[in-house]
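K.L.:
Questions regarding the structure given below will be posed in turn.
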Amino acid sequence: MARHHWLGGTLRPRDCSAGGGCAFYAGCGSYAVRRRLTAPVGWGGRFFLLRGLRGSPAWVKMALWLPKGLVPAVLWGLSLFLSLPDPIWLQPSPPPQSSPPPQPHPCHTCRGLVDSFNKGLERTIRDNFGGGNTAWEEEKLSKYKDSETRLVEVLEGVCSKSDFECHRLLELSEELVESWWFHKQQEAPDLFQWLCSDSLKLCCPAGTFGPSCLPCPGGTERPCGGYGQCEGEGTRGGSGQCDCQAGYGGEACGQCGLGYFEAERNASHLVCSACFGPCARCSGPEESNCLQCKKGWALHHLKCVDIDECGTEGANCGADQFCVNTEGSYECRDCAKACLGCMGAGPGRCKKCSPGYQQVGSKCLDVDECETEVCPGENEQCENTEGGYRCICAEGYKQMEGICVKEQIPESAGFFSEMTEDELVVLQQMFFGVIICALATLAAKGDLVFTAIFIGAVAAMTGYWLSERSDRVLEGFIKGR
């Protein structure tokens, strides 16, 4: 049987039966379909092939109907189109830029690597070569405990897949780890000290900081007195300054901070407790133990008394504000709308009344300007507002070009009153068209009555159209068009 062209590939006959049904394999690039056909593959057989390709991509089905000479050209154009970059409107938008996460200090990465390595040693402490004869393996090969096999197994699980810094550090220090494993374990059992501090010089001993591993304030035994954190401790970076806990201060956190007093102290420990609320420094927790007050308070007989900034020149409020004293401070609040300057809240504490207000007793009250003729326009009326007024049109009138004119109430109109003559003609033709279609449907069923009505309606519509057309032609001829 001959080979049949299909999309630049071939159709190869398989499993032909006596009834003429053959299984064909159709291939085109990475796309391939195998279907059983019920007729030879010719122009007539393509219909059956399309049935066999039900569910295949549309372009595969369409290509079957192309003439043989056009198939290579179509495929070439399709491949060229697919090779072009996507248009800008089809390209996915780039992800939003976000700041990269802070990188850990190399010392912390090295410490994590060593901790993971030690866990791997604990995990494999009871393992062996896996050959079944452990005694022979240790006699002929070496002990699994110090073998290269165990080292490789441990190193395989040291870094997680997503820890890039760990993998990078392991790659740089792999030879050092092997040297320690085979030659340095006995004399340097602490891998962290040997690798991270002595060999790679990424870390410092506890209680030290900086490139030279200087002691932290307070000494290496108790950095920052045990009441703070030495910046850069254990690494080759940092400033060595102490970040003290709440209540502690000083260079090495050896003193009580602002608002705290020494409740207990000995050669190695210091306990700081809080002073009474407004006390900055004190000798005890009581209100009468204050030695220095916080801002906004004044010391009086070992007690801190609130300063009334509103009664002194300490307050700094605006011209339309008034001062309210608070504990240790003050607030500036807005005056009432009726006031030009005030001494407190409300219209009764005004220094002077605002325009549109008048003094009535001790209060500034709104003036009703509408009691006088203030809206001279025709058909206008006055509306009083807080501190002023406005002129609006009377009921039944509306503002138009600066004057009030009477509103025109539209008369009720019918459904067709606002339609033009052309729109009515179109609507009429649509109505008769629906009637004629209905009659045609009934006439098609063979009913003689409806058939006669349908023929009469068509004749009437034709005569009407021709008469109207002839009138227009005659009118145009008379006018010389």
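The backbone N, Cα and C atoms fix where each Cβ goes, and this holds for glycine too.
Copied straight from TrEMBL:
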DISULFID  Cys244-Cys253  disulfide bond
DOMAIN    214-254  domain 'EGF-like'
DOMAIN    366-405  domain 'EGF-like'
TRANSMEM  424-442  transmembrane segment
TRANSMEM  448-466  transmembrane segment
K.L.:
Quick one: DSSP breakdown of the domain 'EGF-like' (366-405) into helix, strand and coil?
P.N.:
3 helix, 20 strand, 17 coil
K.L.:
Are there residues at least 6 beyond the ends of the domain 'EGF-like' (214-254) whose Cβ is under 8 Å from a Cβ of it, and what are they?
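P.N.:
Answer is 105, 107-108, 201-208, 260, 268-270, 272-274.
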K.L.:
How many other Cβ atoms sit within 10 Å of the Cβ of Cys244 (disulfide bond)?
P.N.:
21
K.L.:
In sequence order, which same-chain residues at least six apart have a C-beta under 8 angstroms from Cys253 (disulfide bond)?
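P.N.:
The list for Cys253 (disulfide bond) reads Gly218, Cys224, Gly225, Gly226, Tyr227, Gly228, Cys242, Cys244, Gln245, given in order along the sequence.
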K.L.:
Is it possible to list how many residues within the domain 'EGF-like' (214-254) are helical, extended or coil according to DSSP?
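P.N.:
Residue counts in helix, strand and coil order: 4 helix, 11 strand, 26 coil.
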K.L.:
Within the domain 'EGF-like' (366-405) only, compute the mean pLDDT.
P.N.:
88
